[in-house]
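Visitor: Sharing a structure with you now.
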Amino acid sequence: MTTLLWFRQDLRLHDHPALVAAAHEGPVVPVYILDDEAPGDWRIGAAQRWWLHHSLAALGKALEDKGSRLILRRGAATRILAELLEETGAGQVHATRHYEPWWTATEQALGDRLCLHDGNHLVPPHEVTTGSGGQYRIYSSFWKALQPHLPPADPLPMPRTIDPPGKWPKSDRLASWGLLPDKPDWSGGFDWTPGEAAALKKVKALDIAGYDTDRNLPSIDGSSRLSPHLHFGEVSARTVWHATGRGDTTFRKELAWRDFTSGVVLALPDYATKNGRPAYDRLPWRSGKGANADLRAWQRGRTGYPIVDAGMRQLWRTGWMHNRVRMIAASFLIKHLLIDWREGERWFWETLIDADYGNNSVNWQWVAGTGVDSNMFSRIMAPITQSEKFDASDYIRRWVPELADVGDDAIHDPEAAGCRPDEYPAKLIGHREARERALAANAKVK
Ligand code: FAD
């Protein structure tokens, strides 16, 4: 019997339990639906549209190599799946389980015609529960609870054949979706190769021997850069896990953060918009003209703090930012500028190629201290100390061209060193003043 295979953030053919099940049942109609309505404000951001275009092109080609096709449709997923079931005479829809809240309505509408398969996480996050059956809210407890489930299941091989249906339904042309930027084309610095083949190549070449320390140093390439591939499911988390060894615990723990954040948004679907600690609804965030101008300066990498500016410019140019710098830049927006974390989260959503509903919201709330995990608001990162400690000098020189000729002695804080290169802005606010203002605002929460 013909079945539909509904691709979402699982754009791969290997280790794909839903594909294996569909191929086993008979002819398969693989479909990807661009649905900008269901996620509302969380529809795919601009940087990810670039990625999606290339990833879908790669998936379509891989399916064609197997004598199949990728059917593309745009619109409300609930309606389109109903139409496709009718057009193809398919009995079932197979899909990988996802945890973003906007999938629920379509999944419920499909009822027992939908068969969900676990495949995008190390262990299905809904199965890792507390004694009372809920989701974990503290990562360290989650990691402990995950142990009996590890190692994750072995990855499944790609099915040898994927039978085509007797008649293919109509498909949109990928180019007609306009996912790539044109006027202007800001993707010139996107030095990435989306798609399953590139993801697997990266996993094969994975070298994380020095990961424990190197991952914190923005000037070197010390992490895997697998995040966009993992977000779009071009490679499964368990494939990545099994490519590492017992000694790679730090890396495996980071990989498990993905599972954790999916559990958080499963339990708290509006975590991207609501403070995990309701007391923080009282925090007097800045707003108005001055705050708007500061937000724009942060977005453009013109705060006068080189480490923050380098990170924000790396993000704009490449669609990705180093994890340590994400923490510093996020902390700076929230605490130094006293701007609501949701403004930063939204900017990341538009500009990150790895923007992920769970990972983004949980990390923003973690840095803000507004979340269900730790209360970190009063832990205010000092950007200049961080920049020195993690030796960001080459990173700054690379991403802030105005500072390319500044020596190590002045690079972390050119203003204090009396070095004012043309075009580089003065600090928006001094560290001590910002710290006092943030702590005073935090006192109002209590
Ligand atoms: P590696 O260090 O090689 O880690 C391997 C994989 O583990 C990553 O690809 C990622 O899937 C996962 N991972 C690592 N760290 C984290 C983490 N802290 N939380 C969740 N998963 C993690 N990551 C996203 O994937 N999408 C986001 O939208 C996102 N937003 C963030 C926002 C802020 C404010 C901060 C501080 C962090 C955010 N992160 C996000 C987490 C982290 O910065 C990135 O996952 C990491 O930098 C990606 O680089 P990598 O693939 O080289 O990571």
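First residue shown is number 1, and so on along the chain.
Quick reminder: no glycine exception, Cβ is built from N, Cα and C everywhere.
Note that the coordinates shown come from a computational prediction; the quantities given were computed from them, not determined experimentally.
So TrEMBL lists the following for this protein:
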DOMAIN    1-131  domain 'Photolyase/cryptochrome alpha/beta'
BINDING   TYR211, SER223, SER224, ARG225, LEU226, SER227, PHE251, ASP354, ALA355, ASP356  FAD binding site
SITE      TRP285  site 'Electron transfer via tryptophanyl radical'
SITE      TRP341  site 'Electron transfer via tryptophanyl radical'
SITE      TRP364  site 'Electron transfer via tryptophanyl radical'
Visitor: Do any of the recorded positions TYR211, LEU226, TRP285, TRP341, TRP364 touch ligand 1, in the sense that the CB is under 6 Å from one of its atoms?
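Guide: Only LEU226, TRP364 qualify.
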Visitor: How many other Cβ atoms sit within 10 Å of the Cβ of TRP285 (site 'Electron transfer via tryptophanyl radical')?
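Guide: If we count other Cβ atoms within 10 Å of TRP285 (site 'Electron transfer via tryptophanyl radical'), we arrive at 15.
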Visitor: Which one is it: of the binding-site residues LEU226, ALA355, which Cβ has the fewest other Cβ atoms within 10 Å in this structure?
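Guide: If we count Cβ atoms within 10 Å for the binding-site residues LEU226, ALA355, the smallest count is at LEU226.
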Visitor: Taking the Cβ of PHE251 (FAD binding site) as the centre, count every other Cβ atom within 10 Å, in any protein chain shown.
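Guide: So the Cβ neighbour count for PHE251 (FAD binding site) comes to 20.
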Visitor: Spatially, which candidate from the recorded sites TRP285, TRP341, TRP364 is nearest to PHE251 (FAD binding site), comparing Cα atoms?
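Guide: The smallest Cα gap between PHE251 (FAD binding site) and any of the recorded sites is with TRP364.
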Visitor: By CA distance, which of the recorded sites (TRP285, TRP341, TRP364) lies nearest to LEU226 (FAD binding site)?
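Guide: The smallest Cα gap between LEU226 (FAD binding site) and any of the recorded sites is with TRP364.
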Visitor: What whole-number Å value do you get for the CA-CA distance of TRP285 (site 'Electron transfer via tryptophanyl radical') and TYR211 (FAD binding site)?
Guide: 37
Visitor: Can you tell me the three-state DSSP label for SER224 (FAD binding site)?
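Guide: DSSP assigns SER224 (FAD binding site) to coil.
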Visitor: Which one of these recorded positions has the most other Cβ atoms within 10 Å of its own Cβ: TYR211, TRP364?
Guide: TRP364
Visitor: Taking the residues TYR211, SER223, SER224, ARG225, LEU226, SER227, PHE251, ASP354, ALA355, ASP356 listed for FAD, what is the greatest CA to CA distance in Å, to the nearest whole number?
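Guide: Of all Cα pairs among the recorded FAD binders, the widest measures 23 Å.
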Visitor: Take every residue in the domain 'Photolyase/cryptochrome alpha/beta' (1-131), average their pLDDT values, and give the whole-number result.
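Guide: That region's mean pLDDT is 97.
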